[in-house]
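Copied over from TrEMBL:
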- 1-18: signal peptide (SIGNAL)
- 31-78: domain 'LysM' (DOMAIN)
- 87-131: domain 'LysM' (DOMAIN)
């Protein structure tokens, strides 16, 4: 009985793993990225020029909210055609939404809307923000 249960478990894991590695990107994905060893969401966002919020939104249900479930060779979407923001800023200590809006000639409301912020517009150091109008 133990051997049978063990084989069933292995078969289930193999099927689930195969499904995860073959995940289809959305048909309107405008650009994609293949995860490499050592990647995490802020790093990918910084290196690929995509806001952290956008990365999480276009991979909703694939990348968890803590970004702890990435694996090597996983293909993820970076942007969706028609709403892909490539004008980004990595938050450093002292940044405010107001200062960033002035610097990038957009409104605080644009920053809030494009980055899923509440009206306080709290920023996290290392977070990558969309500071343009998505294309």
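Any Cβ shown, glycine's included, is placed from N, Cα and C.
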Residue distribution over DSSP helix, strand and coil in the domain 'LysM' (87-131):
15 helix, 6 strand, 24 coil
Composition by DSSP (helix, strand, coil) of residues within the domain 'LysM' (31-78):
15 helix, 10 strand, 23 coil
